[in-house]
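**Student:** Swiss-Prot lists 94 with the feature active site, proton acceptor, giving sequence analysis as the kind of evidence. Annotation comment: Swiss-Prot describes 100-339 as domain 'Radical SAM core', evidence class sequence analysis. Swiss-Prot lists 107-344 with the feature disulfide bond. If you look up Swiss-Prot, you'll see 114, 118, 121 marked as [4Fe-4S] cluster binding site, on the strength of sequence analysis. Look at Swiss-Prot and you will find 168, 169, 200, 222, 223, 224, 301 tagged as S-adenosyl-L-methionine binding site. Look at Swiss-Prot and you will find 344 tagged as active site, S-methylcysteine intermediate.
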């Protein structure tokens with residue numbers, strides 16, 4: 001049985017240098033190899049013309065460059081593109097490309113499904129299967145860059161920003177997310193600045209503390225409620241790490257970080273008559289008084305079977321005005337890609353749920369139906 005080849009997309013620069021040293025090659029070759037992979041989009045060692053033939057043969061014998069394949073894509077009327085990415089065993093994750101006048105953002109997934117159970121999120125309703133590997137995370141960027149055209153082909157960087165806001169909770173896959181973000185930041189990798197790579201979390205406090213010790217990227221936090229009572233329902237991990245504990249961890253991260261320019265991005269999905277009253281806006285403003293932040297108000301994007309509705313524009317406007325009375329920076333996020341179910345909270349993919357969450361939900365619904373009949 002032949003030895004499984006090492007996928008170079010799984011290795012950040014230190015990892016690739018260590019591999020080359022173990023192979024008896026000079027570590028500086030790692031920079032050259034990474035440039036071929038991430039700047040030129042090369043997956044064939046024979047195309048790496050500044051590496052000698054013997055080394056190319058040695059690499060081909062032990063290594064490979066394999067990214068997950070795009071199985072399908074949909075393009076929205078606003079230019080947003082949602083990609084279905086095959087990660088094996090009949091499973092898919094979703095990745096979303098969002099073009100704007102001054103940037104091109106890719107929303108990247110970190111897990112097959114999600115281990116958290118946020119009640120307003122379509123991904124959460126699908127259950128959870130596993131963490132994505134480093135190559136499956138950076139492979140989303142690599143594959144979409146191929147689709148759009150690499151910088152060396154087009155003269156322009158196809159993706160200027162990456163947000164870890166796709167399927168999954170990134171901090172529950174820290175071992176793979178950190179090396180993947182290292183590749184995003186590395187000048188020999190995708191070469192993005194630390195302010196252009198954003199990790200979004202629902203509040204895994206111990207992992208957030210670890211994150212601040214190993215990497216500096218922009219941080220976004222999913223709050224969605226102004227108090228623990230409501231957040232326990234909307235974001236159940238709050239029962240383990242309540243708001244004050246989460247906010248303290250955010251402040252600790254900000255003390256270590258330069259990428260955030262001293263403030264965190266707070267995400268707050270607007271659910272009609274659930275978390276969008278003016279009283280709740282006052283409560284949220286007071287909650288955040290000691291945590292420097294920019295607040296993104298996100299109109300809820302309904303999905304089939306969702307128990308919530310989207311707040312009206314007038315309720316969102318009133319909520320925003322209250323927050324601004326406290327001198328808070330508030331942005332009402334423009335919904336992108338909702339006509340192809342690519343908007344915030346709508347990503348679902350194709351998941352073999354190991355938690356049996358979806359099956360349990362369907363059984364409960366059928367039992368309710370039988371009782372009512």
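Glycine is no exception: its Cβ is also placed from the backbone N, Cα and C atoms.
Just so it is clear, the model here is predicted, and its values are computed rather than measured.
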**Student:** Taking only the Cα atoms, work out how far residue 118 ([4Fe-4S] cluster binding site) lies from residue 224 (S-adenosyl-L-methionine binding site), in Å, as a whole number.
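**Tutor:** The separation of the Cα atoms works out to 10 Å.
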**Student:** What count of other C-beta atoms do you get within 10 angstroms of the C-beta of residue 114 ([4Fe-4S] cluster binding site), across all chains shown?
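**Tutor:** A 10 Å sphere around the Cβ of residue 114 ([4Fe-4S] cluster binding site) contains 28 other Cβ atoms.
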**Student:** How big is the gap, in Å, between the Cα of residue 114 ([4Fe-4S] cluster binding site) and that of residue 224 (S-adenosyl-L-methionine binding site), rounded to a whole number?
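**Tutor:** For residue 114 ([4Fe-4S] cluster binding site) versus residue 224 (S-adenosyl-L-methionine binding site), the Cα atoms are 17 Å apart.
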**Student:** From the recorded positions 94, 107, 121, pick the residue whose C-alpha lies nearest to the C-alpha of residue 200 (S-adenosyl-L-methionine binding site).
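**Tutor:** Nearest by Cα distance to residue 200 (S-adenosyl-L-methionine binding site): 107.
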**Student:** About how far apart, in whole Å, are the alpha carbons (Cα) of residue 169 (S-adenosyl-L-methionine binding site) and residue 121 ([4Fe-4S] cluster binding site)?
**Tutor:** 12
**Student:** Select one residue from 107, 118, 121, 223: among these recorded positions, choose the one with the most other Cβ atoms within 10 Å of its Cβ.
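**Tutor:** Per the Cβ count, the most surrounded site is 223.
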**Student:** Distance between residue 224 (S-adenosyl-L-methionine binding site) and residue 121 ([4Fe-4S] cluster binding site) at the Cα atoms, whole Å?
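**Tutor:** Roughly 12 Å, rounded to the nearest whole number.
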**Student:** Across the listed S-adenosyl-L-methionine-binding residues, 168, 169, 200, 222, 223, 224, 301, what is the farthest Cα to Cα distance, given in whole Å?
**Tutor:** 19
